[in-house]
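Below is one structure, written out as structure tokens; the observations come after it.
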């Protein structure tokens, strides 16, 4: 008996094949299957943000002005989180809160959930786009894996943290000054700077910046095919097509500087990938911990001694007092519905912390 092995061919393409051919066609802007998620979500997220920062007030949710229409500028405008009373409602336009009324939906903070959810799926779509293109041109998927780090940070800060708290109210609003206020909130209520996961994140981001600067300078320093452009300094031609720097020379240089150096390009570039991605992932895990109100380092012995001995003080105990001041000021301002009334003697007074 003879068995013929071969690929099964269809006489005519079905709808999937037609869609696949159109979506993945080589064009100026690649669409792909991931584009079905990326482009609509990115469009709605950016459109919602521009709409909110231009027209929508935060008076009903935070008692604040937050739009260009009210006099804010690029640094102070924001799309604000919903009120605390709305808890974790998705705030759908057709939901029980807004009941299809667009103006009421904006007043309630519906644009924030709209931007946050479409933004999250837009970022995921961008990562899938990198997977799809890498597969199409037979590359490894490390670009997509690296991009998972900022996605993890976004999801942990904007979605998981408020899900662990009482509502979307405690997430950051989408604006520059709003993010700064959220950072102060994190410090005052969670002592975030003393959290080991934050420390790993800082080490990852700053370490990556250092590696990037060193790597770029080293490659430029060890070019062995000089450019001859009249408008720039020698040995630098940004349009040079081929790779003409000396890894051996770079290795000798850094071996003399540090005593150690990367021996090959693969290990060097993997390390440049590993440092920032690991740092961002660690900080994302730390924010998940804050969602559950896990504490940072507590040096209680220093606090007790500082309370007993007026002459004993450390930078740690000063920071703890500063955090208490942040909490005392922010809690009453940010949560007026709680009717938090602090007696005058516990409120911070200028520098007398």
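Here the Cβ of each residue, glycine as well, is placed from N, Cα and C on the backbone.
According to Swiss-Prot:
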type	residues	note
BINDING	118	chlorophyll a ChlzD2 binding site
BINDING	130, 143	pheophytin a binding site
BINDING	198	chlorophyll a PD2 binding site
BINDING	215, 269	Fe cation binding site
BINDING	215, 262	plastoquinone binding site
MOD_RES	2	N-acetylthreonine
MOD_RES	2	phosphothreonine
TRANSMEM	41-61	transmembrane segment
TRANSMEM	125-141	transmembrane segment
TRANSMEM	153-166	transmembrane segment
TRANSMEM	208-228	transmembrane segment
TRANSMEM	279-295	transmembrane segment
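Shown here: features listed in Swiss-Prot, placed on the structure.
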residue : record                            : Cβ contacts under 8 Å, 6 or more apart
118     : chlorophyll a ChlzD2 binding site : 41, 42, 44, 45, 48
130     : pheophytin a binding site         : 141, 143, 144, 147
198     : chlorophyll a PD2 binding site    : 192, 283, 286, 296
215     : Fe cation binding site            : 268, 272
262     : plastoquinone binding site        : 251, 254, 268, 271
269     : Fe cation binding site            : none
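Ranked by number of Cβ pairs under 8 Å to the transmembrane segment (279-295), the listed stretches 41-61, 125-141, 153-166, 208-228 are led by 153-166. Sequence-distant contacts of the transmembrane segment (153-166) (same chain, at least 6 residues past either end, Cβ-Cβ under 8 Å): 81, 84, 87-88, 116, 119-120, 123, 172, 280, 283-285, 287-288, 290-293. For the transmembrane segment (41-61), the residues of the chain that approach it from at least six positions outside its boundaries are 67-70, 72, 77-83, 106-109, 111-112, 114-115, 118-119, 121-122, 125-126, 169, 173-175, judged by C-beta separation under 8 angstroms.
DSSP assigns residue 262 (plastoquinone binding site) to coil in the three-state reduction, placing it in neither a helix nor a strand. Under DSSP, residue 130 (pheophytin a binding site) is assigned to a helix (H, G or I) in the three-state scheme. For residue 143 (pheophytin a binding site), the Cβ neighbour count at a 10 Å cut-off comes to 15, with all displayed protein chains included.
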